[in-house]
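Visitor: Residues or ranges marked as transmembrane segment by TrEMBL: 58-80, 95-115, 165-184. The annotation domain 'Rieske' is assigned in TrEMBL to 272-338.
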Amino acid sequence: MAQNENGSADVVPTTAPTGAVVGTAVVPADTFENPGLPPHRPRIVDLDPKKKQRAARFVVALFWVSVAGSIAAVFAYMFFPIESGNVEDVRNNTLFVGLAIALSLLAIGIAAVHWGKAVMDDKEGVDYRHPVRGTEETRARALEVFKEANEESGFSRRTLIRGGLIASLVAFPLPAIALFRGLAPMDVDPNDLLKHTMWKKGLRLTQDPTGNPIKASDVTIGSAYQIIPEGLVDLPEHEMLDEKAKAAVLLVRLKPEDLTWSSEERKSWSYDGIVAYSKICTHVGCPVALYEQQTHNLLCPCHQSQFDIANECAVIFGPAARPLPQLPITVDSEGYLVAMSDFTEPVGPSFWERSTS
Ligand code: FES
């Protein structure tokens, strides 16, 4: 190996296995020999034929244990019938049939592994990888076939047919795009539909799913509530689900001094440390409902976006592009929590015509 006077490696021409000089390469100064594979060590069963016999008997025994397990599963099914519908019978049936099948499978698995490791011949071999690239003949033939196909089909020659084919393939997905229109009613602008929710001034915050209103004094520090608008539970089911998908809110109480606000107006949207944020993730709309009390973080389980409740639900991790919208809240004369207005921005995933109006 060549080294210069500074002790570093020299740049030397290298030679390809074919003997041709292919350029230069840095020869590292600390190359070492490939140690190869460690020497083969015989197993205990290879040294002692009695032990090998014992291992073989053990494998056979395990296979028969598996047979016994399978038969036991059939008997368990007969001895614990589920036809009565009685919970106790169903539980016993599930338990004993499950145990017997598990025993049967486990025994087959252990027997197979033990057979391979202790009874089968212990030979070591080396499989060399073959080059993935095809041979020159194969590649030439592939090119030939491609050219033949082009020639026979006239793909390059027949421009009208080719144009028609491309046009039909481009047009084919269009119905799918048009069908998306059916996701929103025809008589309502989809943008309006997404921009507004059921919340409005004076509407009480109620617990999901009971619909019971909630007083500020009932919300203790550190607690979190799933909230829906008052009256939602009285809507027809399909309407209720549509509205709930947009209006669901998570209510949390923190110490007021733990909350930071970008403006006095935002601060007035909370009540004595109680804040309400949309539960619909701004990434692709999963419910964000995992609240970590110590860090005040909200986690969306779908793609792990995290929002900092103490800081206006700013995104601190993950693919969500904007904070969870805040629902301005206050209390009414009876101390119940009420909304001050609808959300001031669209809830849920961002969409192409989103604006804050
Ligand atoms: S939907 Fe919440 S992170 Fe993707």
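Cβ coordinates come from backbone N, Cα and C, glycine included.
Keep in mind that TrEMBL annotations are predicted by a computer and have not been checked by a curator.
The model shown is predicted, which means the values in this text are computed figures rather than measured ones.
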Visitor: Is it possible to list how many residues within the domain 'Rieske' (272-338) are helical, extended or coil according to DSSP?
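Guide: For the domain 'Rieske' (272-338), the helix, strand and coil counts are 3 helix, 27 strand, 37 coil.
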Visitor: Average the per-residue pLDDT over the domain 'Rieske' (272-338) and send me the rounded value.
Guide: 93
